[in-house]
Amino acid sequence: LKISIQDFSKAMSQAGSSQFQEVIRQELEYSMKVELDKILATAHSNEIEHTKKDLEGFKKLFHRFLQEKGPSVDWGKIQRPPEDSIQPYEKIKARGLPDNIASVLNKLVVVKLNGGLGTSMGCKGPKSLIGVRNENTFLDLTVQQIEHLNKSYNTDVPLVLMNSFNTDDDTKKILQKYSHSRVKIYTFNQSRYPRINKETLLPIAKDVSYSGENTECWYPPGHGDIYASFYNSGLLDNLIAEGKEYIFVSNIDNLGATVDLYILNHLMNPPNGKRCEFVMEVTNKTRADVKGGTLTQYENKLRLVEIAQVPKAHVDEFKSVSKFKIFNTNNLWIALSAIKRLQEKNAIDMEIIVNPKTLDGGLNVIQLETAVGAAIKSFENSLGINVPRSRFLPVKTTSDLLLVMSNLYSLNAGSLTMSEKREFPTVPLVKLGSSFTKVQDYLRRFESIPDMLELDHLTVSGDVTFGKNVSLKGTVIIIANHGDRIDIPAGALLENKIVSGNLRILDH
């Protein structure tokens, strides 16, 4: 029986046909099981164990996907979180630090989400290996930060990388260069799930291999997979046995996500004596963050609501900066014992994100994913902490890269901090056009990174290059018309200027 996703959706929307819906669901689950069994049968003996675990996890997710209908939040139930459930960072910092901060640090593990490739920036291989500052990669900066902590406090904070099958080999090769650093580095792998054909809702993979032409058949199922794969790897138990109590999880491309001793102290020595199992760092929305997930109160629990879960009629309300003032930075502090307890009870509940993709050959597929922060509602005594914007410094595009490479930031022991010479703490808005999308092209277009200390806004479009020692101040807009080229000369100072197609420089 072949059933398309359209038939399935139609059947699901017809009221009063629950028996019919159940029959269709069972058919789809049965067909999926048959296909997954065929795939498992192609595994070599040394692959069977972990392939089986991956496919079991996928089957659970697929089962839930068939059960759930439409956006998974009832908009009427969404409330603003109670005052004390999101604490201002200043209040937590005001408590100061105890004398025994080293013993508190020794209970911590830093986990970086390292499953992503640098493809959106035109790079091959793991994104964490892109150079971001003075030849240092994201991974170099992370290791330097933790090494500095361990040396300063004479502690043993380990670094754990959650890799995906896309990044594991390249990352492991590069780890040899840190063998003499004062950081123990561990890795574990995310699950590998099969992409499914949008029409048939069946896997497009025919066997377990994921190299060559089969690369597109598989995907890592989002960072919500951390709980199961960390537990399954055995590393969670080993770290608990070593006396570790909390993990600090963040995206490896968020250069603001450094270990914060005040937050750690708040977790380990809570003022009311009751420890939090889960802390999410949130920060105030700006116009650039309107799509970010937000923390709400839902059925008496803190809950992360992502834009994909919002009914269409309420999307504008969700994006409003006045109603939902904060968003999730994906910097999370989670108790190891709680992950173990919930994982063993199969009690971690995360909404399913349906991510549609079109493959190179034009085939439409969907991948079922989950997000790590969505599990907040499964933990006891969760808390949001409203942190300064400086703890959210993600590098997703070359526009972000320009900011972190510039003199807006100074680098110290692997940590970037806003230069004291900048008069106001906000980051300039930078929009580089499509000629700058790939890192190689971007680097070719700047002989040196401009002075941006007094910049508010930069827009660049078309074939533009920058000479050495250019200074940008105020609002600068540079637009080369199609077929034209603009070379900003070395030493140029552009302050509140619009530079157009034929290199006329106008006051803004």
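We count from 1, first residue shown onward.
Quick reminder: no glycine exception, Cβ is built from N, Cα and C everywhere.
Database features, via TrEMBL:
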- Lys127, Gln190, Gly222, Asp253, Lys396: UTP binding site (BINDING)
- His223: substrate binding site (BINDING)
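Feature map: TrEMBL annotations on the structure.
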residue	record	Cβ contacts under 8 Å, 6 or more apart
Lys127	UTP binding site	Gly116, Leu117, Gly118, Met121, Phe138, Thr167, Ile252, Asp253
Gln190	UTP binding site	Gly115, Met162, Asn163, Ser164, Phe165, Pro220, Pro221, His223, Asp225, Ile226, Ser229
Gly222	UTP binding site	Ile353, Asn355, Glu369, Thr370, Ala371, Val372
Lys396	UTP binding site	Ser120, Asp253
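All protein chains shown were included, and the count of other CB atoms within 10 Å of the CB of the residue listed as 'substrate binding site' stands at 23.
Among Lys127, Gln190, Gly222, Asp253, Lys396, the residues given in the record as binding UTP, the maximal Cα to Cα distance rounds to 21 Å. Residue density at Asp253 (UTP binding site): 22 other Cβ atoms are found within 10 A of its Cβ, drawing on all protein chains shown.
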